[in-house]
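Annotated in Swiss-Prot:
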BINDING   GLY183, ALA184, ALA185, GLY186, VAL187, GLY188, LYS189, THR190  ATP binding site
DOMAIN    1-97  domain 'Pyrin'
DOMAIN    177-499  domain 'NACHT'
REGION    102-121  region 'Disordered'
REPEAT    730-750  repeat 'LRR 1'
REPEAT    759-780  repeat 'LRR 2'
REPEAT    787-807  repeat 'LRR 3'
REPEAT    816-836  repeat 'LRR 4'
REPEAT    844-864  repeat 'LRR 5'
REPEAT    873-894  repeat 'LRR 6'
REPEAT    901-921  repeat 'LRR 7'
REPEAT    930-951  repeat 'LRR 8'
REPEAT    958-978  repeat 'LRR 9'
REPEAT    987-1008  repeat 'LRR 10'
REPEAT    1015-1035  repeat 'LRR 11'
Amino acid sequence: MADSSSSSFFPDFGLLLYLEELNKEELNTFKLFLKETMEPEHGLTPWNEVKKARREDLANLMKKYYPGEKAWSVSLKIFGKMNLKDLCERAKEEINWSAQTIGPDDAKAGETQEDQEAVLGDGTEYRNRIKEKFCITWDKKSLAGKPEDFHHGIAEKDRKLLEHLFDVDVKTGAQPQIVVLQGAAGVGKTTLVRKAMLDWAEGSLYQQRFKYVFYLNGREINQLKERSFAQLISKDWPSTEGPIEEIMYQPSSLLFIIDSFDELNFAFEEPEFALCEDWTQEHPVSFLMSSLLRKVMLPEASLLVTTRLTTSKRLKQLLKNHHYVELLGMSEDAREEYIYQFFEDKRWAMKVFSSLKSNEMLFSMCQVPLVCWAACTCLKQQMEKGGDVTLTCQTTTALFTCYISSLFTPVDGGSPSLPNQAQLRRLCQVAAKGIWTMTYVFYRENLRRLGLTQSDVSSFMDSNIIQKDAEYENCYVFTHLHVQEFFAAMFYMLKGSWEAGNPSCQPFEDLKSLLQSTSYKDPHLTQMKCFLFGLLNEDRVKQLERTFNCKMSLKIKSKLLQCMEVLGNSDYSPSQLGFLELFHCLYETQDKAFISQAMRCFPKVAINICEKIHLLVSSFCLKHCRCLRTIRLSVTVVFEKKILKTSLPTNTWDGDRITHCWQDLCSVLHTNEHLRELDLYHSNLDKSAMNILHHELRHPNCKLQKLLLKFITFPDGCQDISTSLIHNKNLMHLDLKGSDIGDNGVKSLCEALKHPECKLQTLRLESCNLTVFCCLNISNALIRSQSLIFLNLSTNNLLDDGVQLLCEALRHPKCYLERLSLESCGLTEAGCEYLSLALISNKRLTHLCLADNVLGDGGVKLMSDALQHAQCTLKSLVLRRCHFTSLSSEYLSTSLLHNKSLTHLDLGSNWLQDNGVKLLCDVFRHPSCNLQDLELMGCVLTNACCLDLASVILNNPNLRSLDLGNNDLQDDGVKILCDALRYPNCNIQRLGLEYCGLTSLCCQDLSSALICNKRLIKMNLTQNTLGYEGIVKLYKVLKSPKCKLQVLGLCKEAFDEEAQKLLEAVGVSNPHLIIKPDCNYHNEEDVSWWWCF
């Protein structure tokens, strides 16, 4: 009786206790195993009840369907399969079952035949099917001719990468749910994820992470018709459809591998609300894939997506919270090892490796195994014929021309089938259209529509230009992306006519669009564009004409030059034009005359050199840019020392080559007679590089007038710069902002300034780590120099003592300085006393900036005393952020009444408030006030002072510029100002109203003022909530020819789509009006006073 009660107690209550110990995910797993192990005699299990059951309900269901001891027997088996050994042991001890009833083996996830059958839902058959399908993973053709042990080394490296793809991020602590494996075409992405499928099926990868892994290939998916997601993932299941409910029941244990995203021919433009989450409903496959990628379908599931670098930007727009991993391919050591194993003659190997490594772009391409093999094969043929591999490796186009030609070269007496010109043109058109549309997989029907017959395709397959996919029917691809890009470039060389306005011209034939493309916006076009320029080389053309026995036209040269001229005359800034990419293309031509012609319309270039290849192409092209006047340049990484890891002798390394390229680049300073400005910034130059630069600066033919060396580290201080200042009589402007020259560096500069041969007029030393100790040297230089008129010492810790020394020079009659900036130099009221005396005695100083110093009201009083002195000739005074209050308004008002020279005053970011401004306005509207530019930005003003400001606008005929930004004027205040702006005697040309709390309510007043005022040409309205209604009101005026506004400060992206359309329409109707967010009056071309600092 006791036994009976005991056995009934545990099924009724004891089992519930154990179920309570399972977390939510473990409970779901328990239910799935329960579904799999239900005994047949019980008939259909009420799965819907089990799936929804809480723990107590589940215990009751098990009692019902497994009476007596059977419930515990099933439960213990499930606990064992879930590897919950502790629960198994505790349960067995409590119910004291004998070993015969429940043996130890029953509590483990055993491998008996019974358990294999019971756990059919674990995907055993599916795993077997995957093993059959993916057993041949590593494509031995990808590295033809290499030893097996080399192949094994690459496999081991990439296997480790696979194992850690879904590891927890050590920085964020998050486990990635979406991993994007990106890399160049052919680098091995597909091979790697197929290997992942095989390893998972064999039980050696992701076993604790994913219960099911599914492989979805882009090429196959493109050919599928409408279906459900369940049908899509069941394609590899042994039966018609897998145990889909079980699979979907725990989506967090699913991994979907989406291979070759770049080959999916889907636009992915479906709105999110239209996407599907029901895996049983049929949809177009494009909808299913979009739903999966955008986490609408099975949001808990994990994704591993492979894509080429050229389409990663397109993929990024679809994904949320993804983790990028780049597959780099063969390392430098691996490439070297491969080359040395490919060539039996080690001298040949050394020559090939050295030649490839000298071209960083080409050597980078060889990270792809197939490209490395092709390069070695091609260069080996060249060397066997006695050719110069150095020339072949000079450009990527030269090497690929050689390789493509080798595919049609007779071997062993055989004669390859050459395509006729029509066939070749059709192939090139297919390639070009594919590159433009990012189509890399072609189906038989597509090729037929594009003009390639099956006979044509077979011919190109025989020549290893095109290959048929062995697994997916009717799929064709070029043997490598670079092969497609090369034939795409050839399309433009075979095109017969380049007449303008040809109505039959297709988008991919637009050369102007191709030239304007950038690697950031259109990375898929970059290499094709390089190949196109490379094919302009006459030697390349002759080689291809011999190979294909056809005629290629160089008429495209003149067409490209026309497009370059249009770009050169456009409004694009140098940074927008992407000169580095252009130089890559021009370098491919190796045609000096063409480069000179192409660059004749570009007076200014901006390039950022951060790789050796950048230095190579820039130095080559800049020598032939004869019309250059300005070079803006940044050089990083290139000159950093590195430990060499190569078996080559050290004299073959590219250190000498880097020096030679830098020498070539710097030689432009004396070979280009038009060059006037060099802006070298944020650059790391070693001692040798700096010596080369200074040597060129001292060259007698160097005509440079303006030299900017901002944020530069000088290995040997400023001695070389100082010497250049003496030798180069053309140099008038030197900017060393952010360069850590220190007091010692300034000492050297001051010695040069005192030299009679030094003609420097402008010296900018902002943020140069200067202290009071350099001020005596500067003071002496100011007295001795007869040319220096502009000195900027901002953001240096000079303090009042340093300024005292400078003021001694300012009071000297031989000091010729006209403009001085001491912004953020640690000055106080004490420093103003010295400056005040200097202003009275100095007859030449016209511009003084004291911004960002704690002068206080006492300091302003001292400056005001100087201003009202009759001998003070100051024209511009900047007191921005000087920590004074409305009390200073009284001092300034008095001095401004007497001062006749001051025309520009900046009082921004001080606590003036309405009362202070009202005091100033009494002076500003006085007929004798000569003020032209007034800066009151951020002065804690409200609409209460706007009547006074309006009075100034009306009564001061000299006032041209007024900035009231960052004040709480609101709509009522602007309405008052607009009333004044409408008067015909208003002379305001620039008005700043940024961040003034404006809404759409003031836009009608602004519109009215813009119509009436014929002098207002610049207005800033950024950081206001004008909204769509406000833009509608402004739109009517802005598009009118009566509106004379030239620059309007507005951020288009801050408005909704409809408002943005209106602003775009304004640009069409009124092309003279520029709308931009950075409506900055302080531009170099503007003669506004503030730019002088």
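Heads up, the Cβ atoms here are built off N, Cα and C, so glycines get one too.
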TODO: Please report the number of other Cβ atoms within 10 Å of the Cβ of LYS189 (ATP binding site).
DONE: 24
Open item on the list: Long-range neighbours only, meaning 6 or more apart in sequence with Cβ under 8 Å: which ones does ALA184 (ATP binding site) have?
Closed with: ARG308, LEU309, GLY329, MET365, GLN367, VAL368, LEU481
Task: Cβ-Cβ neighbours of GLY186 (ATP binding site) (radius 10 Å) - done: 22
- [ ] Look at each of the binding-site residues, GLY183, GLY188, and point out the one with the fewest other Cβ atoms around it within 10 Å.
- [x] GLY183
Task: GLY183 (ATP binding site) in three-state DSSP notation - done: strand
Task: Surrounding CB atoms that lie within 10 Å of the CB of ALA185 (ATP binding site), all protein chains - done: 22
Task: For the repeat 'LRR 4' (816-836), the number of residues DSSP places in helix, strand and coil - done: 8 helix, 3 strand, 10 coil
Task: Cβ contacts under 8 Å made by the repeat 'LRR 7' (901-921) with residues that lie 6+ beyond its boundaries - done: 846, 851, 867, 872-890, 892-893, 930-942, 944-945, 948-949, 951-952, 958, 963, 1089-1090
Task: Sequence-remote partners of the repeat 'LRR 8' (930-951) [C-beta within less than 8 Å, at least six residues beyond its ends] - done: 880, 896, 900-914, 916-918, 921-922, 924, 958-970, 972-974, 976-977, 979-980, 992, 1088-1090
TODO: For the repeat 'LRR 7' (901-921), jot down how many residues DSSP puts in helix, in strand and in coil.
DONE: 9 helix, 4 strand, 8 coil
Task: Residue with minimal Cβ packing [other Cβ atoms within 10 Å] among the binding-site residues VAL187, THR190 - done: THR190
Task: Extra residues within 8 Å (Cβ to Cβ centroid of GLY183, ALA184, ALA185, GLY186, VAL187, GLY188, LYS189, THR190), ATP - done: ARG308, LEU327, GLY329, VAL368
Task: Across the repeat 'LRR 11' (1015-1035), average pLDDT on the 0 to 100 scale - done: 96
Task: Intrachain neighbours beyond the repeat 'LRR 3' (787-807), with Cβ under 8 angstroms and 6 or more residues off its ends - done: 732, 753, 758-772, 774-776, 778-779, 781, 816-828, 830-831, 834-835, 837-838, 849, 1092-1093
Open item on the list: From the DSSP assignment alone, can you count helix, strand and coil residues within the repeat 'LRR 5' (844-864)?
Closed with: 9 helix, 3 strand, 9 coil
